[in-house]
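> Handing you a structure now.
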């Protein structure tokens, strides 16, 4: 049960290597086979994030916007839905139903709903992509908040009502403060689900909604490793920030 | 009020997917889609001749079982044998690092690392062991799916380690360890006969759901896989994006069957979890 320096070094190398290689790819110039290291370095590829010619800056803002809206909506609605589920006579049936979207891999979900997205005139729009992502994140949030609606929350609510709170006051002044840590964690996790998604977004966007993940794939297809590495590093920024803010929020991510 | 909220919830999460599945079923029996000619069972009968589908299914199962199995073994070994190490710096933070990586970025990184002209190949050339990218063994876009499995293992084992570590504490396995040692069991016997069964039983639903996620993975096999054999999501997507509209019914039929199959597995897993909650 002693610490093993070799094992520690291997794990540090394994987890640190992606960052090193991505940084080398993003800053290395004229890095051709068989050079082990780039002959020169430049930050011009990173500067393209804020340049008007590049889609990367726009993709970053678009991804941030979609992930933020989806996470806020699904956390709020999931909180309400999970309360309704907890109050039914057969919550287990609703829990099973909530797992339905997980039977469909995201890209398959996109394939299945695409004909209706087209009929709703949402194909290739941010709204269409957002709706698709909500179908994954909403049941996640509902399942996530299931544990909150136990006896304790109900008792607190009943006491507050007995003491004269209106239902709205009980929600705002008792239940929401009580659920705050869970709400924050759920917000972080749904943000990451939406931020990381590629398959569903790529299929529903039909090339028009170019989020960062879609751009990474397109850049890899164009063999533009430098910009693909820059986009990849940008993709790591919000999760790193979230990790720094709240380690447990990321750790509890449900698969 | 509760009923209205639940109806809205059901409509939001199940409405479109179920309508889509019915639509897919309609395609598969010839009563839906642009080529609808009236009810037919020809696509269902053709299923048995779809060898590429069987290969794709077998390949996806092989990748899912291998990657989850390998990740599980690594995580169990770390949690059971290196318990103290996992609690010391830098591990509590280090294990979270792979969770920051989207699967597409992991695939891109492994592509740049393991391909014929990748970083490792360049180092091997510098050591004088090979001379051209073609001399380097195929570690990605290979028939055995080594690249895909590597990516899935790299993403899964830190998560499983954190999961098992949490369960280890919850189940008070340290106390059980002391008790079994007092009763004369060796360290190996405790790991094999007490700790591993408890951890695996508690983590079973998560492991099954993770295996399903790997079975339906799209991003990683799209970058690290090759045209044949393909994993199921890539296979179905490729089928539905072909120019030949006659391929649509079979593509939708395969998608429909896969979804129904996975729904049954998830249903049984959730029922099992509800009945055997630990």
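Easy rule for this one: first residue shown is 1, then count along the chain.
Glycine residues also receive a Cβ, built from the backbone N, Cα and C atoms like all the rest.
The transmembrane segment annotation in TrEMBL covers A:60-82, A:94-117, A:129-149, A:170-196, A:227-245. Feature annotation from TrEMBL assigns domain 'ABC transmembrane type-1' to A:60-246.
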> Residues sitting near the transmembrane segment (A:60-82): Cβ under 8 Å, six or more positions beyond its termini, same chain?
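Sequence-remote neighbours of the transmembrane segment (A:60-82) are 49, 126, 129-130, 133-134, 137-138, 140-146, 148-149, 179, 183, 186-188, 190-192, 194-195, 201, 209-213, 234-235, 238.
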> What parts of the chain pack near the transmembrane segment (A:129-149), using Cβ distances under 8 Å and only residues at least 6 beyond its ends?
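Contacts of the transmembrane segment (A:129-149) (Cβ under 8 Å, skipping residues fewer than 6 from its ends): 66, 69-71, 73-75, 77-79, 81-83, 85-87, 91, 94-95, 98-102, 106, 109-110, 113, 117, 122, 178-179, 182, 185-186, 189-190, 193-194, 197, 200-201, 204-205, 209, 211, 254.
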> Please give the sequence-distant neighbours of the transmembrane segment (A:170-196): residues at least 6 beyond its ends with Cβ less than 8 Å from one of its Cβ atoms.
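Distant Cβ neighbours of the transmembrane segment (A:170-196) are 63, 66-68, 70-72, 74-75, 78-79, 133, 136-137, 140-141, 144-145, 148, 153, 156-157, 160-161, 213, 235, 238-239, 242, 245-246, 248-250, 252-254.
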